[in-house]
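To keep things clear, I will list the structure first and then write my remarks on it.
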Amino acid sequence: PTKMALLPYSKCKFLFPIIFLSLTLSSMSQAELDAHYYDKTCPQAEKIISDTVLRASTFDPKVPARILRIFFQDCFIRVCDASILLDSTPKNLAEKDGPPNLSVHAFYVIDEAKAKLEKACPRTVSCADLIAIAARDVVALSGGPYWNVLKGRKDGRVSKASETVNLPAPTLNVNQLIQSFAKRGLGVKDMVTLSGGHTLGFSHCSSFQARIHNFSLLHDIDPSLNTEFALDLKKKCPKPNTNFSAGQFLDSTASVFDNDYYRQLLVGKGLFSSDQSLVGDQRTSWIVKAFAKDQSLFFKEFADSMLKLGNVGVSENGEVRLNCKVVN
C-alpha cells in the first residue's frame with residue numbers, strides 16, 4: 001500500500017485492470033466443466049466426433065470397446081487429460097507403452113476425429129474432451145445410455161509408462177478395487193457400475209490364465225468359476241498357449257451395451273477374478289444383483305458414474321494439443 005501511494009496516478013490506473021484481469025483468470029482456472037463449452041467456438045464438434053466414431057465402428061466392431069477403454073485408462077492416471085494419447089520419445093516411455101496399455105488400440109480413430117476438428121475449428125477442442133465425447137458415443141452406439149458430456153478439459157503434457165501400475169488390474173480383490181477407485185474420488189457403487197463397462201470387449205488369455213491352470217495347491221481351476229465355462233476357457237487357452245490372439249469375450253453379448261455382464265457374474269462366468277469377486281462381497285453383491293435385474297437402473301447409474309469419472313481432478317494448466325500424439 002505504501003508503494004502504491006508513492007506511484008503517480010497515471011501509473012496507478014494501469015494496475016487496476018491488471019489486478020482485475022489476474023482475478024478473472026484465476027476464477028476462470030477454477031471454472032467447472034460445461035456441457036455447452038463449445039456451443040459458440042465449435043458447434044459442430046460433437047457431430048464430427050460421432051460421425052468419425054460411427055464410421056470406424058462400422059468397419060471394425062472392436063472400436064467401441066477400445067474407445068471406452070481409452071477413456072478409462074486415461075482418467076485413471078493423473079486426470080482425464082489425454083496423456084494416454086502421447087507417443088513415447090527417446091527420453092520418455094509414455095503411458096501407451098506401459099504394460100497394461102499395450103493391448104489398448106483404436107488410437108487412430110481419435111487422431112482422425114482430431115484432424116477433422118482442427119480443420120473445422122483450429123486450436124479449440126482438446127484431445128481430452130474428444131475422448132470423453134467419443135466414449136459416450138460408443139456406449140450409445142452400442143445400445144447403452146446417452147448423456148450430455150461436460151467439456152472444457154485441457155490436455156496434459158506429462159505421460160509416464162511407470163504410472164500405469166496404478167491402473168486397476170484384473171486380479172484385484174474387492175478391497176483393492178475399492179481403494180483404487182477411492183483414490184479418484186469414486187465410491188463403491190461407482191466402482192461396481194463402471195466395471196459394467198466390461199459388457200463391451202474381449203480379453204486375451206494372459207489376463208485370466210491363472211484362474212484356469214494350476215490355480216492353487218488344492219484346485220487346478222478357480223472354484224468361483226462356473227465349471228463348464230472354465231473347461232471351455234481351458235480349450236481356448238491351453239497351456240502353453242501358442243495362439244497369442246486367443247481369448248474370450250467379456251460377456252455373452254460383447255458388442256451390445258447391456259446388463260448381461262452382471263447376469264454372467266451371478267452364474268460364475270466373470271472372466272476376471274476382479275469381476276467375479278464383486279459377487280462374493282456383501283458391500284458389492286447387492287449392487288450386482290440390482291443391475292442384473294434392472295437394466296435401466298444400470299444405464300442411469302453408468303451415465304452418472306461416467307460423468308463423475310470424467311470430472312475427477314480436471315487439468316486446469318494444460319493446453320489444447322494440435323496433434324493428440326505430441327505436446328504443442
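Note: Cβ is positioned from N, Cα and C throughout, glycine not excepted.
Here is what TrEMBL says about this protein:
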DOMAIN    32-328  domain 'Plant heme peroxidase family profile'
DISULFID  Cys42-Cys121  disulfide bond
SITE      Arg69  site 'Transition state stabilizer'
BINDING   Asp74, Asp81, Ser83, Glu95  Ca(2+) 1 binding site
DISULFID  Cys75-Cys80  disulfide bond
DISULFID  Cys127-Cys324  disulfide bond
BINDING   Pro168  substrate binding site
BINDING   His198  heme b binding site
DISULFID  Cys205-Cys237  disulfide bond
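Positions of the features from TrEMBL, shown on the structure.
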| residue | record | contacts (Cβ under 8 Å, 6+ apart) |
| --- | --- | --- |
| Cys42 | disulfide bond | Leu117, Ala120, Cys121, Thr124, Val125 |
| Asp74 | Ca(2+) 1 binding site | Cys80, Asp81, Ala82, Ser83, Ile84, Leu85, Glu95, Ala128, Ile131 |
| Cys75 | disulfide bond | Arg184, Leu309, Gly310, Val312 |
| Pro168 | substrate binding site | Phe76, Gln176, Leu177, Ser180, Phe181, Ser274 |
| His198 | heme b binding site | Leu250, Asp251, Tyr261, Leu271, Phe272, Asp275 |
| Cys205 | disulfide bond | Lys236, Cys237, Asn241, Ala246, Gly247, Gln248 |
| Cys324 | disulfide bond | Ala82, Leu85, Leu86, Phe107, Ile110, Asp111, Lys114, Cys127, Leu130, Asp155 |
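Neighbour density for Cys127 (disulfide bond): within 10 A of its CB lie 31 other CB atoms from the protein chains shown.
Of the disulfide-bonded residues Cys80, Cys121, Cys237, Cys80 has the largest number of other Cβ atoms within 10 Å of its own Cβ. The Cβ centroid of Asp74, Asp81, Ser83, Glu95 marks the Ca(2+) 1 site; residues of that chain outside this set whose Cβ lies within 8 Å of it are Gln73, Cys75, Ile77, Arg78, Val79, Cys80, Ala82, Ile84, Leu85, Leu86, Ala128, Gly156, Ser159, given in sequence order.
Taking a C-beta cut-off of under 8 Å and a sequence gap of six or more, Arg69 (site 'Transition state stabilizer') has these contacts in its own chain: Val104, Gly197, Gly201. Taken as a whole, the domain 'Plant heme peroxidase family profile' (32-328) shows an average pLDDT of 93 in this prediction. The most densely surrounded of the binding-site residues Asp81, Glu95 is Asp81 (count of other Cβ atoms within 10 A of its Cβ).
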